[in-house]
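According to Swiss-Prot:
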SIGNAL    1-28  signal peptide
CARBOHYD  40  N-linked glycosylation site
CARBOHYD  62  N-linked glycosylation site
CARBOHYD  140  N-linked glycosylation site
ACT_SITE  199  active site
CARBOHYD  232  N-linked glycosylation site
DOMAIN    319-439  domain 'Ricin B-type lectin 1'
REPEAT    329-369  repeat '1-alpha'
DISULFID  332-351  disulfide bond
REPEAT    370-405  repeat '1-beta'
DISULFID  373-385  disulfide bond
REPEAT    408-440  repeat '1-gamma'
DOMAIN    441-566  domain 'Ricin B-type lectin 2'
REPEAT    452-489  repeat '2-alpha'
DISULFID  455-470  disulfide bond
CARBOHYD  492  N-linked glycosylation site
REPEAT    493-531  repeat '2-beta'
DISULFID  496-513  disulfide bond
CARBOHYD  526  N-linked glycosylation site
REPEAT    534-567  repeat '2-gamma'
CARBOHYD  544  N-linked glycosylation site
């Protein structure tokens, strides 16, 4: 009888453990204590620090690509380090806790009021380690955008983001019960929190839009560029990690602008200027180093990356690519008259689709046109690769736009900004006439947002630049970013952002473009805009926008040196 009673007890226990329809079972073990990063909507100025803290928690290793952190693959993350908990609180005091996977920044579950909800197809790792002291239930849809939008009934392009939307989303997640049946408010709330947490951690462009909306207590709907970023984070990460050391992508990242026009991005520099991508999904890692370097000499050795994921390794080699090269004044590197003869001059010409502007970047360090090598001699020319010293045909492309011949240490230079100008090799003074971009030869028109989310503003030649509130379509705040590294007044592209000299506290003004060292700028992954000639960065003087002064200054890491480009100011 005692045995029968015990068996009945075990049967009843098993049945009770199933709970209501949709409830989950898991192995009852002591769960790990996962790190937590919280955000309270009543502290609007804490949104940026909240995202920095979240990024620090999900980045477990020191693997980087072009100075951007790369998340660890699943095979290298233990269950005890797999998740980060993110409690979100709205002004009404409602709190919901998200569980975020450190492998991909996905929201995989959420919990509130003693209940937790997992997406359809949740894994044992998730169920056995997350919210085990709650009643676990499984939703009848997955966490991807297609599934969530299907539940809502329309796309996220129509769903506002901002403090009001986030507050409502938190309440929707907190009050949801599986028995209620209506998943539309829940799915809508999930679309809001995923974009305002995970996507903002992936892209500083998205962070800026949301941070501005929180500061201004306003709402906005995602533009098509933002949505295309969200849809292409994986492909961006892959292209960046497989790129040649100079940032040349093996393929093309397909984005859309705000008017739904296609944008084809073929190098890291342009992709970063468009998206300010902040974190990469793991794809490829260098074999010989844990990061790619921007240093021209170190970059001579092309590092062959390896794909690690799913318990296997797959070699992911750097490949040859064929691209145009844009330089001073937006002119392209061109073989004179397209003549296929040894010694023919390499010059500047208007960018077009001509064959004589298509250069192949080989993994042996050569740059070739129809098989002939870009070659250094008394001038820069094309020549049979097999009949000249190999060191005369080697080049290193850096992400700052410098193209260096390692043997001489000299860099590719355009002596004049004129069609037909023969290229030369000169000492590197980091001048704009020595700046180049591979692929993406058209200038990018953008706003430049800095301290207190205000926009860089100009008032014509021989005047200072300063910060003012951003105003959509204000021509004084529109800039054209050229492949030569210049920042030009979009309404008059003969005018360049210029440092008066190259010493700390020198003012930044607008002058005629001359291809000089004080007119070349680099948008860095740490958020600064540096002048490589001076080795100083753009700085809002004394962190005081009322002074109306932007200066050169040594890097400090302070907010008054942080900048971001955006084609759609918030």
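Positions of Cβ are set from backbone N, Cα and C atoms, glycine also.
Contacts of residue 351 (disulfide bond) defined by a Cβ separation under 8 A and a same-chain sequence distance of 6+ are given as 324, 326, 330, 331, 332, 357, 441, 442, in order along the sequence. Summarised as a single figure, the pLDDT of the domain 'Ricin B-type lectin 2' (441-566) averages 96.
Each of the glycosylation sites 40, 232, 492, 526 was assessed for Cβ neighbours inside 10 Å, and the highest tally belongs to 232. Same-chain neighbours of the repeat '1-beta' (370-405): 66, 244-248, 268-269, 294-297, 299-300, 325, 335, 340, 342-346, 355, 359, 361, 364, 411-412, 422-425, 428, 430, 434-438, 483-485, 520, 522, 532, counting only residues six or more beyond its ends whose CB sits under 8 Å from a CB of the stretch. Within the set of recorded positions 40, 140, 199, the entry lying nearest in space to residue 385 (disulfide bond) is 199 (CA atoms). Cβ neighbour count for residue 455 (disulfide bond) (all protein chains, 10 Å cutoff from its Cβ): 22.
Taking H, G and I as helix, E and B as strand and the rest as coil, DSSP gives the repeat '1-beta' (370-405) the counts 4 helix, 14 strand, 18 coil. When the recorded positions 199, 470, 492, 513 are ranked by how far their Cα is from the Cα of residue 373 (disulfide bond), 513 comes first. Helix, strand and coil residue tallies for the domain 'Ricin B-type lectin 2' (441-566), in that order: 18 helix, 47 strand, 61 coil [DSSP]. The Cα of residue 455 (disulfide bond) lies closest to that of 544, out of the glycosylation sites 62, 526, 544. Here the Cβ of residue 373 (disulfide bond) has 25 other Cβ atoms within 10 Å, regardless of which shown protein chain they belong to. Residue counts for the repeat '1-gamma' (408-440) by DSSP state, with H, G and I taken as helix and E and B as strand, are 3 helix, 10 strand, 20 coil. As a summary of secondary structure, the repeat '1-alpha' (329-369) carries 8 helix, 15 strand, 18 coil according to DSSP.
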